[in-house]
């Protein structure tokens, strides 16, 4: 049995400020501050910072037993158990010193002692302020990350590291890129404060382990190769991949050999449990893949696993628990690289379908899509539904993935394979409402095979680069398919007040819906994704479910993901975090701006996965397929100017346009052609592709000099320059900017921390962070901000550079 990493017990927040600190491991920072602490109402940042410094001086005295006084003399604690501990000098002059020096030495010693007592008296009233801040309701994960990054004192850093255990997992997960970037590129004290939490969470969650391994590899890639090989980030990554952080209770768990009972819905368990020779013959998407059972190396590029793995008990051959998932992701990446070598879109599509058909031979397996947000096993990829997306030099592609939801990914058995020709003979099960189905009912609805923790048959356990996935969570719930005539009817259910709708209104709305059903796009060999993306998501789910051998199972779900090779998605991940933070700020400040952050999975420095935006197509595809202006397309899709559907879509357009205009201004988003702006079925616009932000622009052309993209077509949809909705748009811009600058620090710190040690083009230049802060205009009054918004709107609308860039994209890439 190998040495295991001992994690600290999770800390529990104290309910009373006067109680001892959570997770006080004896003689820590908080043992210095034992005074009564009242509820914090107002905190002066300067006072808090000063108090922090004072407290840390006491920490040094406690932990080091010796410190240096303001005069440079070493100090010693006499009673080092509280704030009132006495301090005496250690450099009292010995008796042998010359008599003429005695008086001077005594004076210095006396002055030092008096100075220490004076500082102690002056600071005693302030030393509890830092603790008050840390234990107040104001102290959230954002503030914790800020203190961890900005504090130079090991005591505060260690305390913040312990406090991470007190926050919700999802709150800390949002800042995982920042935590790992600090771990890689900052000093050892920060790394030592962060590591216990990372180790603890890796033991608890296989998905967290995977994401840490991928991000550690991606963010270490900016280091020099000689430094990278021996860096702390590489060592932690090897530790995670070695499976040393596997939950202790599962380390020596032998596979159960008892057969699982069969049910009437599925074939015998032999369907999934194949022999090694069968499994080897049926897989290999790459001809040179080697099975880990005979090759203990996890990756080609890693020289060896951490030395701790050598002591793992080898009484039975146990593959690393992350290896099947990493092999699954590696296979998807390899497909993308092979597609990029083909010349035409049609050839790429045919190759993609055949590659995914081979992939299905290894499913179901103990693999998952990390962006789903719920535990599940991947059972099938409907290969004929995959499409290659538009790209001039690369071959990103979109796939749909069928999964079976489960209660626990690690402990639930992998579902048995159902052959493609074994489509269900009855549809009674899928027609049942799913609202009342429990996890037990879901788990029992399909036959299983034993839970082989070392199941070689589950997936080929080969090595893989740094990889991972992201996708939208989709629950197809029959209880959600309820016709809703208006928002009023929903409100009436919540308020319990009766709302009467005239029969004529119902008939009118029904006729409007029938008259203006969404138009279907024609198939274009040069743009096959347009048809797939235009199809409503619920219709796609229903269609794929009907053709799937697993579709009759009540826990069946459909997910989707875009696979990208040759693109660095670390900037995309940074943009996602900023958008998510702005979305939270606007919700908190009750500003009705609308943006759609989509999930990003960084697999390596040149590959990743993206969550597709469902029910949305690009404005380029809209204009190319319909040959209409944007306003005419709105009228065609949603009805005439006075219909409820059009007015709702127009409002959605305005709220989303204002939100993304602010995002583009604050982040300086470039490459805003119509292929990178989507339009969804409800009228929202969604900006995608944040590869050029802050200090970078495409090919350094400098075409786009306006604050954001606001074309005449956009203004026409809003009702023109004199329309009420255009004024509403400018009002939302002002409200959104005012709200954002109130929380500027939350936005700026996301970017600032990721600049540490980074070689990303968005950070080129020394003034990136300063310019970002200046765009919040903290010194302006609201009247000045209103004038600024008017100027930006007018300048963007009249911008000749926007028109030039759109023309450039049309001539070079055919983007309308």
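Glycine too: its Cβ is placed from the backbone N, Cα and C atoms.
Cross-referencing 587-611, 612-636, 637-661, 687-711 with Swiss-Prot places the feature region 'Activation loop' at 687-711. Feature annotation (Swiss-Prot): of 527-533, 534-540, 541-547, 548-554, the stretch labelled region 'G-loop' is 541-547. Ranges compared are 569-577, 578-586, 668-676, and Swiss-Prot records region 'Catalytic loop' for 668-676.
Swiss-Prot tags one of the stretches 81-100, 101-120 as region 'Disordered', and that stretch is 101-120. According to DSSP, the secondary structure content of the region 'G-loop' (541-547) in residues is 6 helix, 0 strand, 1 coil.
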